[in-house]
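For reference, Swiss-Prot has these:
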type	residues	note
BINDING	14, 15, 16, 126, 162, 190, 243, 262, 263, 264, 265, 266, 267, 287	UDP-N-acetyl-alpha-D-glucosamine binding site
């Protein structure tokens with residue numbers, strides 16, 4: 001017979017879904033809750049979640065966007081099968097609530113929870129709600145959104161951000177006395193970003209020794225990107241596939257050049273670092289909309305991908321001296337919502353106390 005309250009987190013695919021889920025999970029673990037994860041075996045959660053001491057159950061589910069006719073015809077059967085798999089996991093473990101953080105797994109998982117009478121809590125990380133969360137919002141007991149506009153009446157709480165990022169020293173304390181080369185941190189998300197990998201080596205060649213760079217290239221790309229820096233005469237580039245201590249990297253940086261996925265935008269703000277965002281080209285401009293509020297308040301610049309060239313990025317970076325970067329960093333920190341993980345965790349506790 002179980003004693004502690006139990007939460008099943010449904011999240012997968014990318015760091016933008018998984019890391020916020022881990023942040024909420026940590027809040028509840030500190031209150032004595034047991035946490036289990038629902039994910040897919042072939043995405044990053046399969047490796048990442050167990051490293052945080054959380055057991056994970058898998059279901060078989062894939063996205064439908066861009067699939068051929070054959071896959072689309074088979075989709076209803078695959079979705080039903082995924083719902084049944086999720087329901088079996090929930091029946092065995094008996095969670096008191098489930099938290100949907102996005103990714104393909106959330107749809108079948110949310111429906112399975114609803115069918116089982118388990119309260120569903122949703123958090124939408126992006127400024128434009130994904131199709132899965134649009135559906136699940138109709139059956140969820142509580143819906144949160146990171147940015148205004150994803151849902152008409154949902155509470156705006158920001159994105160749950162890792163505690164080591166929120167606890168970084170203030171920008172003034174970190175940056176005011178810095179001297180030497182301006183430090184550029186390039187992050188394309190956990191999967192990297194090809195256009196940043198291709199553009200930055202040439203940009204750094206133009207910028208010269210007044211700048212230093214650390215570059216997260218993404219899985220399988222570090223060797224190629226490092227070779228591009230070498231070919232452009234940039235000998236001191238620090239290139240890695242994945243930055244594990246992201247808080248330390250933010251603390252090191254004077255400027256980020258990055259995509260504007262939901263988690264990245266929230267972490268940039270929480271850390272207090274100025275950024276040049278290059279949004280991924282979604283049809284609905286999701287990433288551009290994620291970053292708009294930081295651009296509007298002077299915390300960031302944005303170059304839309306069709307406008308990104310070696311020249312345009314070089315020019316934008318050269319316009320930002322240390323004082324401008326410090327001002328951007330302070331504006332970013334001032335815009336941050338730092339308690340999303342606690343707010344979501346408290347809502348889950350309150351929901352289960354009513355049962």
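Cβ coordinates come from backbone N, Cα and C, glycine included.
Overlay of Swiss-Prot annotations on the structure.
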{"residue": "14", "record": "UDP-N-acetyl-alpha-D-glucosamine binding site", "DSSP (3 states)": "coil"}
{"residue": "162", "record": "UDP-N-acetyl-alpha-D-glucosamine binding site", "DSSP (3 states)": "coil"}
{"residue": "243", "record": "UDP-N-acetyl-alpha-D-glucosamine binding site", "DSSP (3 states)": "coil"}
{"residue": "263", "record": "UDP-N-acetyl-alpha-D-glucosamine binding site", "DSSP (3 states)": "helix"}
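Within the same chain, the residues at least 6 positions away from residue 267 (UDP-N-acetyl-alpha-D-glucosamine binding site) whose Cβ sits under 8 Å from its Cβ are 161, 162, 165, 246, 250, listed in sequence order. Ranking the binding-site residues 16, 243, 265 by C-beta neighbours within 10 Å puts 265 at the top.
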